[in-house]
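One structure below.
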Amino acid sequence: MDIRKAYLDFFASKGHEITPSSPLVPDDATLLFTNAGMVPFKSIFTGEIPRPNPPRKTSCQTCIRAGGKHNDLDNVGYTARHHTFFEMLGNFSFGDYFKEQAIAYAWEFVTEFLKLPKDRLYVTVHENDDEAFNLWQKHIQKERIYKFGDKDNFWQMGDTGPCGPCSEIFYDQGEEHFNSSEDYMGGDGDRFLEIWNLVFMQYERSADGVLSPLPKPSIDTGMGLERVTAIKEGKFSNFDSSLFMPIINEISKLCNKTYIYESGASFRVIADHIRSSVFLLAQGVSFDKEGRGYVLRRILRRALRHGYLLGFKQAFMYKLVDVVCDLMGGHYTYLNEKKDFIKEQIRLEEERFLSTIENGIEIFNEELKNTKEIFSGEVAFKLYDTYGFPLDLTADMLREKNLKVDEEKFELLMNEQKARAKASWKGSGDKTASGDFKNLLEKFGENHFVGYEKAECESKILALLDEDFKEVSTLKDAGWVMLKNTPFYATSGGQSADSGFMAKREVLDTQKFFNLNLSFVKAGEELKVGDIVHARIDTEKREQIARHHSATHLLHHALREILGSHVSQAGSLVESNKLRFDFTHHKALSKEELENIEKRVNEMIINSSEAILENMPLEEAKKSGAIALFNEKYQGNVRVLTLGESKELCGGTHVKNTAQIGSFYIVKESGVSAGVRRIEAVVSKAALEFVKNQLEELSKVKDELKNNDILSGIKKLKNEILSLKNELKNSSKTELDSKNIQGVEICVKRIDNGDIKAMIDDFKNKFAKAVILLIQVKDEKITLAAGVKDVPLKAGALVKEAAQILGGNGGGRDDFATAGGKDLSKINEALKQSLETIEKAL
């Protein structure tokens, strides 16, 4: 049974509009990830945007709980139901139906469509919600309805705002399978399993804690797909269901080990984490040192450590991507389009971590011998900083030993060394916290952007706010103006804001707060609420922005055409004199690729294609082939822009014909983070300025070279540099003394000059069997390097032993390794010990 489809079809038959799953990266500065089904509708519940039509929605929302307040990462693999990635089925009513219908719908679906036995079902309600208690008695015996307090049956979004009692449906998995002291309704056991939560949003909580009835109560429900699938299939763990077992079976096949539930935590961790990794990568999140990308890295590295426990010593997670796409690509079709890209990103990240995991685990195990209760914060920091072990990975390993890590010391070291910190998730909402935008929205509704059609207009001032976003009736200083109709485009979708004039005041910026367009004006003549003013944009700036914005669409199309359909937009910036476009791709672009992309964009410009703008429902737009961006939030009808072969959803301003863009030049290509590249480019006047500057630079180079033929001048200089390098190398070359023991040439020596790696390579090339360790001191900095050729001795172990004597550390490959040291007084001791180690090995 396809429960996902059955649920959506059921509620569609009840007048609900099916809403596609929103992005995992939410349009909400307070959240790291979308972690519940109601997140996409939060602005409707809080009144920030008007109720939709129809006022009934249903969805299957993908969710991540692996960072921030809602974090299930530590429990995954060790319980039957915790996941970092899950799907939440939900039905929502925005001031339409309420408790009676919500309860009736839930009961009908559970008993008639899922056909769960009624004698296995129980219900909870809030202890003061007599209405819900009485309504449930129409469907289920009174004895099966339990009352609980706020802790279990009251839901609220935050300290203030919409809230209300909730009612939960439970499924009894059977006394014969669960008989612990906590296996009762309301207990912490697993016998009675919550499958559906119905939230009755009927109150508004004020700052002083007072609850006031909402004029139009709403419904928010959530049912976990993984949980209900397991119940329907008669499984006691989500991981034993058809949503996970194909992945677990593939893991078992790859590691050649049989999965047994009681000892299979590592299988479950990997199965869960590959789902999270696939969906996050598919939606544009990339491996990074901070923020969402760091959470993704933590998830994958935790899975890799569990893979190490199963015997995986090479990259393997990327081999599981096909199974996930086979399981879920039917509903989430974008997974199939991104499959090859996802596999490559996971493989590269695996190889990055696997190159250090063995050394890291060795250090962890050494410190474990000295640990009684608390693991050293210094060692935990070293594992993080040198070997890429996130702190929670170290904590996870310690948890298996019933130990804890000294987190306080770890954090102290992080701060002292200004190490990489997790991203600070503060958005535009912080700088406007004092502004009562909700009040403005309720008073005036959304003001209207007329800038698509008009460059100037007469408009009424609805509200004025000072620089601290406090409402004022008059404004002489700099501040914010809310016009009834505004021609000024607010910063959105990467496009920078319009500037211009309002009355005699210069408009410097326009931003959108709670769907209100507010323009920031310089100090000047007094403005009053109710004034009719003339508003005029800077048309020259708007035109240049439009040219650069349209060019990003052509660039996006060219990238997908030349590099592959895995390419998707990961960010953009559009200004009047430049554009910046971030996109998903696993490696730097070659010179040939950049030339082809630049050429393709200019071809599309020269084709002189008319811009076609259409408004249509989101699903119709997607079916037409229009590209929708994962980090954008779409509601109702959407605006579709067609420029030649490019077709995207976009609310920005654009040229009427591609020929207006002029010339397109790529200025720079660079990496942003793992799996994300960036192209910076210019068009139109900025392109002419770029070419002019390039020609001026070339002229300066000719003058410096004193040669009009730049290439021959550079070639001559390179030959001179090479000659000087060879002279320097020969002058600093040190003759290395060595001795032969049992056919192995050995050199252990301190040197002062020369290229230490080149000297080791030269030494190894001279002999069939060789071991060499060199210690070099420059500016009181100690560098060690070792090389081994056809001898049963590891260079990494040899150099590490010597480095530890010198108060340092290091390592590397079996045939070549480097390290650093600190204590100059112990160089002779390190040399002596290294020689003894080599002789013993032979």
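Backbone N, Cα and C atoms are what each Cβ position is placed from, and that goes for glycine too.
Copied over from Swiss-Prot:
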BINDING   His549, His553, Cys650, His654  Zn(2+) binding site
Protein Cβ atoms within 10 Å of Cys650 (Zn(2+) binding site), excluding its own: 26
For the Zn(2+) site built from His549, His553, Cys650, His654, further residues of that chain with CB within 8 A of the site's CB center: Ala546, Ser550, Thr552, Leu641, Leu643, Glu648, Gly652, Thr653
Among His553, His654 [binding-site residues], residue with fewest other Cβ within 10 Å: His654
Cβ atoms near His549 (Zn(2+) binding site) (within 10 Å, other residues, all chains): 25
